[in-house]
Amino acid sequence: MGIKQLFTIIKENAPAAIKTGEIKNQFGRKVAIDASMSIYSFLIAVRSNGEMLTNEDGQTTSHLMGMFYRTLRMVDNGIKPLYVFDGAPPKLKSGELARRYQRKQEALEGLEEARETGTAEDVEKFSRRTVRVTREHNEECRQLLKLMGIPYIIAPTEAEAQCAVLARAGKVFAAASEDMDTLCFDSPILLRHLTFSEARKEPIQEIHVDKVLEGLDMDRKQFVDLCILLGCDYLDPIPKVGPSTALKLIREHGSLETIVEKMKKGELKYTVPEDWPFEDARDLFFNPAVHPADHPDCNFKWEKPDVEGLVKYLVTEKGFSEDRVRPGALRLEKALGTSQQQRLEGFFKPVARTAEEQKAHKRKLEVKAEEAKKKLKAEKKEKAKAKARPRGTA
């Protein structure tokens with residue numbers, strides 16, 4: 001699920017934290033990728049007539065096709081991917097997982113009804129909601145990655161937390177995930193849309209956590225408290241507390257301890273749920289179960305791909321076309337066998353700003369944030385006008 005509305009808050013209040021660009025801009029970088037999130041996106045995106053792709057034996061192949069070709073695209077663009085798989089979920093996440101299961105059961109019922117009486121759009125909508133990453137999907141993707149020569153790690157718990165550890169240690173440039181809670185785990189840089197298909201033409205989003213904190217004028221603890229208020233995988237949001245209110249509450253009161261205390265005293269008009277262990281949720285963001293960066297499992301390297309092994313697995317066992325798999329495997333072999341040119345930024349160290357420069361920079365960020373808010377407001381106003389305009393009028 002990630003953090004509800006966090007990207008919108010960052011876009012409006014800390015726009016300088018977000019950079020967008022083409023995938024080729026990530027050339028020469030090592031990136032730790034949230035594998036489960038990627039596999040889920042492959043299962044949803046790689047489809048035909050609203051259904052996941054299958055081979056002649058009825059086995060699902062969407063995840064393998066996505067993993068092979070999207071990884072190949074990254075390697076073609078000079079990126080060295082490392083996939084990180086989820087381990088056992090924290091106990092506090094069990095409520096969210098139960099809700100996801102319930103939603104999928106409801107979606108299955110909706111899908112059956114849509115197939116009988118609904119439109120193609122209804123079938124597609126409910127079909128996507130039934131998607132679940134299974135243990136078999138994970139195991140098959142790990143087998144594929146091994147044959148491709150691409151390293152992977154199985155995290156003790158949350159993959160995003162493990163990605164953040166590797167990014168902080170400098171073992172990778174960034175963590176890549178669609179889940180915004182990666183920032184809560186203190187990954188210096190989050191890349192989004194990295195594993196999207198080229199056809200979607202979505203730019204890569206590069207979000208810098210230091211600039212997020214600077215733009216929001218918060219320390220990390222306040223930022224995590226904001227994310228918990230917005231609603232995360234560990235806790236539901238407090239009823240009637242939306243993104244604007246959550247931001248206002250943190251800015252005015254500074255911490256969840258103060259906010260919750262005032263709510264319980266009736267000084268704030270919101271009601272805290274009876275079981276709302278925000279301290280435990282915060283602790284999971286600050287002290288997740290992860291392998292330290294110097295752990296043996298974190299010593300990874302990219303190997304030469306097993307071309308014949310890939311052909312046997314994808315073509316013979318999974319029914320892929322050899323005319324597509326073999327050239328792809330050979331491209332992978334060539335790309336991974338080429339020593340990559342180092343990025344220029346690796347030769348230079350950043351120079352610290354003076355107090356005056358910091359002050360001027362902060363003011364510049366405030367002006368940019370204000371301009372972004374005005375632009376967003378104008379866009380919303382224009383959309384509302386267009387929606388209200390009668391059809392057939394210019």
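Note that Cβ sites are derived from N, Cα and C of the backbone, with glycine treated the same way.
Secondary structure of the region 'N-domain' (1-104), assigned with DSSP and counted as helix (H, G, I), strand (E, B) and coil, comes to 55 helix, 21 strand, 28 coil. Annotated region 'N-domain' per Swiss-Prot: 1-104, in sequence order.
As annotated by Swiss-Prot, Mg(2+) 1 binding site applies to Asp34, Asp86, Glu158, Glu160, with the evidence given as sequence analysis.
Under the heading DNA binding site, Swiss-Prot lists Arg47, Arg70, Glu158, Gly231, Asp233.
With DSSP classes pooled into helix, strand and coil, the tally for the region 'I-domain' (122-253) is 68 helix, 15 strand, 49 coil. Among the features that Swiss-Prot reports, region 'I-domain' is placed at 122-253.
Annotation comment: Swiss-Prot describes Asp179, Asp181, Asp233 as Mg(2+) 2 binding site, evidence class sequence analysis. Within 10 Å of the C-beta of Asp181 (Mg(2+) 2 binding site) we count 25 further C-beta atoms, all protein chains included.
Residues belonging to the region 'Interaction with PCNA' (340-348) score a mean pLDDT of 52 in the model. The feature region 'Interaction with PCNA' is assigned by Swiss-Prot to 340-348.
What Swiss-Prot lists as region 'Disordered' is 358-394.
Residues or ranges marked as compositional bias 'Basic residues' by Swiss-Prot: 374-394.
Residue pair Asp86 (Mg(2+) 1 binding site) / Asp233 (DNA binding site) shows a Cα separation of 14 Å. Within 8 Å of the Cβ centroid of the Mg(2+) 1 site, not counting the listed residues Asp34, Asp86, Glu158, Glu160, the chain contributes Ser36, Met37, Val84, Ala155, Thr157, Ala159, Ala161, Gln162, Cys163, Ser177, Asp179, Thr182.
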